[in-house]
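Listed features, source TrEMBL:
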DOMAIN    6-121  domain 'Tetrahydrofolate dehydrogenase/cyclohydrolase catalytic'
DOMAIN    140-287  domain 'Tetrahydrofolate dehydrogenase/cyclohydrolase NAD(P)-binding'
BINDING   GLY166, ARG167, SER168, ILE232  NADP(+) binding site
Amino acid sequence: MTAEIIDGKAFAAGLRERIAEAVPAFVEAAGRKPGLAVVLVGEDPASQVYVGSKGKATVAAGMNSFEHRLPETATQQELIAMVEQLNADDSVDGILVQLPLPEGMDDKAVIAAIDPAKDVDGFHVVNAGKLAVGEDALVPCTPLGCLMLLKDALGDLSGMDAVVVGRSNIVGKPMAQLLLGENCTVTLAHSRTRDLPAVVRRADIVVAAVGRAEMVKGDWLKDGATVIDVGINRLAPTEEGKKGRLVGDVAYEEALGHVKAITPVPGGVGPMTIAVLLRNTLVAAHARAGLAPPRDL
Ligand SMILES: NC(=O)C1=CN([C@@H]2O[C@H](COP(=O)(O)OP(=O)(O)OC[C@H]3O[C@@H](n4cnc5c(N)ncnc54)[C@H](OP(=O)(O)O)[C@@H]3O)[C@@H](O)[C@H]2O)C=CC1
Ligand SMILES: Nc1nc(=O)c2c([nH]1)NC[C@@H]1CN(c3ccc(C(=O)N[C@@H](CCC(=O)O)C(=O)O)cc3)C=[N+]21
């Protein structure tokens with residue numbers, strides 16, 4: 001059996017195209033462009049790259065991109081003051097505070113300061129709670145992107161055994177909620193899980209969101225499983241002066257011999273995260289303007 005490589009990059013490009021096509025109708029109805037504000041604290045080079053590519057994708061979709069940078073030395077109070085200013089700014093539909101925050105800042109307090117209607121990351125407890133009880137919510141971008149790829153690859157997920165490895169509030173937990181919402185039988189595994197290989201072996205669907213390079217081995221996978229690899233791990237460079245290779249949480253080459261379909265790293269989930277961020281911004285913009293949500297996004 002040859003494994004299908006799930007092309008997240010291509011799917012994300014298609015989604016961004018559909019978003020760009022839906023923007024003019026919003027502009028017509030609301031009399032303004034949707035706007036996304038990204039706040040970056042400190043100088044972390046990886047974060048700077050992400051923020052830069054988010055900004056470019058936002059503008060390419062026909063939306064306004066507002067970038068705000070605070071120095072590494074900024075206080076939590078200053079950051080929250082900036083968030084409150086963005087809450088009050090009517091041209092801003094989405095607010096994303098890039099994580100991780102510098103040492104000493106409390107993620108929870110900062111996220112709590114974001115207006116839930118503008119919380120395009122879906123990290124605010126109001127949105128997490130709505131997702132948990134099955135109400136309309138802004139859903140975290142990475143797990144929603146994973147779900148879109150799964151539905152595209154498999155169609156109806158009803159009744160399937162899904163194992164999510166990793167229980168963070170950002171990826172694993174909302175992923176489990178989404179799969180439950182699709183009527184999967186969901187197992188949420190983590191660092192205290194006993195006999196993880198045996199747990200993973202039961203799964204028709206495996207979502208790996210651990211942050212450990214190539215931890216999930218090929219022989220942990222049931223033949224014919226579909227695998228979504230969320231992990232982004234930079235290996236040590238093999239040559240001086242070069243960047244190390246990017247790998248996922250799944251031993252990709254080994255997995256190819258077992259799976260029905262799998263996402264690569266890079267080119268899998270990563271690009272979906274950014275496309276869904278734009279989608280969430282457009283959804284938030286419609287809701288804030290009192291318009292019906294855009295369809296087919
Ligand atoms: N593609 C994208 O857009 C994104 C990619 N990522 C990537 O996804 C990965 C996960 O991110 P995130 O959820 O934020 O990470 P966290 O570090 O917040 O969570 C990791 C989870 O993995 C679990 N875990 C750690 N070690 C093991 C182990 N040996 N066996 C089983 N479970 C284990 C932890 O368990 P416990 O709770 O018990 O500690 C925890 O629940 C990272 O590689 C990150 O870079 C993240 C966000 C977006
Ligand atoms: N508030 C907040 N929201 C986030 O959504 C958020 C965040 N903070 N902090 C950091 C993580 C990580 N993240 C990624 C986005 C895109 C790629 C991506 O596009 N990756 C490319 C490769 C990029 C490369 O080559 O380095 C790929 O996988 O193909 C990866 C990771 C969003 N995050």
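Note that Cβ sites are derived from N, Cα and C of the backbone, with glycine treated the same way.
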Stretch-averaged pLDDT - the domain 'Tetrahydrofolate dehydrogenase/cyclohydrolase NAD(P)-binding' (140-287): 98
Spatial neighbours, same chain, of ARG167 (NADP(+) binding site) - Cβ under 8 Å, 6+ residues apart: LYS173, ALA176, LEU188, ALA189, HIS190
Distant-in-sequence Cβ neighbours of ILE232 (NADP(+) binding site), under 8 Å, six or more positions away: LEU246, GLY248, VAL265, PRO266, GLY270
